[in-house]
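The structure under discussion is supplied below as structure tokens; questions concerning it will follow.
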Amino acid sequence: MRKIKDIEKGLLTDCRQIQSPHFDKRPNPQDISLLVIHYISLPPEQFGGGYVDDFFQGKLDPKIHPYFAEIYQMRVSAHCLIERNGRITQYVNFNDRAWHAGVSNFQGREKCNDFAIGIELEGSNEQPFTDAQYFSLQELTNVIMKSYPKITKDRIVGHCDISPKRKIDPGQYFDWERYLSSVK
């Protein structure tokens with residue numbers, strides 16, 4: 001695994017970049033103060049194939065899989081995806097608002113997309129995440145916290161924490177203790 005070096009003007013300096021059209025400007029970019037951990041797999045329970053890239057770019061082909069026909073018109077994105085092998089792709093500049101949290105609330109404040117960074121792990125609620133993913137997530141988190149100091153350990157949450165009636169990610173197999181033990 002290679003170490004993540006830095007963030008410059010909201011972009012990781014040394015990772016794969018694919019621009020998603022599914023974002024807009026934050027109301028206040030200086031207010032970035034929450035990190036939200038998600039999981040995604042397309043099709044469900046399947047990994048690889050590049051379908052998350054297609055989905056976040058609005059290019060998912062509904063004919064490829066029955067599930068895609070249900071979701072291909074959704075306009076969603078995350079700031080980054082960490083694949084099973086640990087590779088990180090950034091889709092949205094951290095200073096912009098990705099559309100990952102939906103209806104959400106953190107400590108009484110709604111619209112978490114306004115002040116949150118969203119990280120997707122390629123995974124599901126049916127199996128553990130990989131060592132490579134934990135390594136990359138820990139490295140990425142430390143670089144994000146250095147660049148956005150309002151994000152502290154107590155402001156790192158799962159999607160399930162900000163949308164508890166709608167979402168379960170990052171799920172039962174996400175090892176919060178392992179992850180947070182290496183976050184500085």
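Each Cβ is built from the backbone N, Cα and C atoms, and glycine gets one as well.
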Among ASP31, ASP169, which residue does Swiss-Prot annotate as binding Zn(2+) together with HIS38, HIS159?
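Within the candidate list, Swiss-Prot flags ASP169.
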Tell me the Cβ contacts of ASP169 (Zn(2+) binding site) under 8 Å, same chain only and six or more apart in sequence, or just say none.
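Expected: ILE37, HIS38, TYR39, ILE40, ASN125, GLY158, HIS159, CYS160.
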Using DSSP and three states only, what is GLU120 (active site, proton acceptor)?
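For GLU120 (active site, proton acceptor) - judged by DSSP and reduced to three states - the answer is strand.
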Looking only at Cβ atoms, how many others are within 10 Å of the one on LYS167 (site 'Transition state stabilizer')?
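Counting Cβ neighbours of LYS167 (site 'Transition state stabilizer') within 10 Å gives 20.
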